[in-house]
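What follows is one structure encoded as structure tokens, with my remarks underneath.
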Amino acid sequence: MLSSNVVSSSSPLTFSKPNPHFFIHASSHVKPNLVTRFQTQHRATPLQSSKLSFTPTSQIQLSISKLRSFNGFLPHPFQPSPRPRLQIVKAASEENPGGENVTPTVPKSKNLKLALVFGLWYFQNIVFNIYNKKVLNIFPFPWLLASFQLLVGSIWMLVLWSSKLQPCPKISKTFIVALLGPALFHTIGHISACVSFSKVAVSFTHVIKSAEPVFSVMFSSVLGDKYPVQVWLSILPIVLGCSLAAVTEVSFNVQGLWCALISNVGFVLRNIYSKKGLQNFKEVDGLNLYGWITILSFLYLFPVAVFVEGSQWIPGYYKAIEAIGKPSTFYIWVLLSGVFYHLYNQSSYQALDEISPLSFSVGNTMKRVVVIVSTVLVFRNPVRPLNALGSAIAILGTFLYSQATSKKKEKKIEGEKSS
């Protein structure tokens, strides 16, 4: 093999040629010392397997451009024998100039960032659930509270956009029309969950909401998606666990159960219609998309809230102040529920941008476990052994579902690449 550096030493270009007869044609315009040095070197040195030099890809591209410009002014540029073809040795990375196989490692800074995002996501979700339930215990008007939470999120996003802390997407009539469906289902999912929180323990609502994959598989199958057997088997423990938890729940309430189930339906349909209707707006990132859904959801919900329970708000407010003692405490609780509702959703979108959908699903499952345990400890809800067992089975089923669906997505991606 013959190795030659025909450009500057800072940008070596390596050629490999098994034929020992390598003819070089250069005109008299080439500097004599260059041609003489090149020919003397290869006549004096017997042909041996020379050590390959590895060069970063960016430097190889620069070297090729330099070689082409050099050959341009020569009457007879460097021309090797027609056979065999010249081959450019594959470059090693700049961090690995020797070409050894090195397993890529995740920088510590990225691990720290992921840990921070997950920690905030879990913490914000716990704070929201605690103060949301505290407000509903003394002010049982979920329609007004849910509307206020959407209002806080809307104001938050408008502040981010106006201060340019978050780039504001270009809005068109087509984009708003496409958002109307997902925003409607988001509204249904949010208000239903809030009503459920007002009727039963927070832990019970979250156990029932862990059955969301069941509805996702059912509705997606009706719309034409096909799932492997593993996915269908994974939803069986979810159904079993939720049923066992419902039967043994101390704070069981029919309206609370049904609202939690309706919440699942709403969020599943939001995800399905977002996927189908917003494919042409991929330039809008997740946080901006959620911001506009929040604004439209508030416009959907507040007029209905006024109609459903508006006449009871003022008497209910005075009862809440009388029960809590300090008006400022009530205001702080309401404000915290609104701020942390938006923050935990914002953190979830940031987490989804940083990790794979599978890791996000696993993280979301663990988040539900953390929220259930935290609210049980804070509110001291009585938990029966069978109730705890049912909750654990349902959470396990959610985890198995995330594993099964991730394999389905991987096979789909591989099939698209092969085709």
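Placed from the backbone N, Cα and C atoms, the Cβ positions cover glycine too.
All annotation found in TrEMBL is predicted automatically rather than curated by experts.
Under the heading domain 'Sugar phosphate transporter', TrEMBL lists 112-402.
The transmembrane segment annotation in TrEMBL covers 114-131 (among others). Sequence-remote contacts of a segment are chain residues at least 6 beyond its ends whose Cβ falls under 8 Å from one of its Cβ atoms, and for the transmembrane segment (114-131) they are 197, 202, 206, 333, 336-337, 340-341, 343-344, 347-348, 350-351, 354-355, 363, 367, 370-371, 374-375, 378.
Annotation source TrEMBL lists transmembrane segment at 143-163 (among others). Long-range contacts of the transmembrane segment (143-163) within the same chain: residues 132, 135-136, 187, 190-191, 194-195, 288, 291-292, 294-295, 297-298, 301-302, 304-305, 308-310, 313, 334-335, 337-339, 341-342, 345, each at least 6 residues beyond the stretch ends and with a Cβ under 8 Å from a Cβ of the stretch.
Remote same-chain partners of the transmembrane segment (175-198), defined as residues 6 or more beyond its termini with a Cβ less than 8 Å from a stretch Cβ, comprise 129, 132-133, 136, 140, 142-143, 145-146, 149-150, 169, 205, 208-209, 255-257, 259-260, 262-267, 269-270, 273-274, 277-278, 280-281, 284, 289, 292-294, 296-297, 300-301. Look at TrEMBL and you will find 175-198 (among others) tagged as transmembrane segment.
For the transmembrane segment (229-247), the list of distant contacts is 204, 207-208, 210-211, 213-214, 217, 257, 386-387, 389-398, 400-401, 403-405, 407-408: same-chain residues at least six beyond its ends, Cβ to Cβ under 8 Å. Taken from TrEMBL, the feature transmembrane segment applies to 229-247 (among others).
What TrEMBL lists as transmembrane segment is 254-273 (among others).
Summarising the annotation, TrEMBL assigns transmembrane segment to 289-308 (among others). Tertiary proximity for the transmembrane segment (289-308) is limited to same-chain residues at least six positions away from its ends with a CB under 8 Å from its CB atoms, namely 143-144, 146-147, 150-151, 153-154, 157, 160-161, 166, 169, 171, 175-176, 179-180, 182-184, 186-187, 190-191, 270, 274, 278, 281, 342, 345-346, 349.
If you look up TrEMBL, you'll see 328-344 (among others) marked as transmembrane segment.
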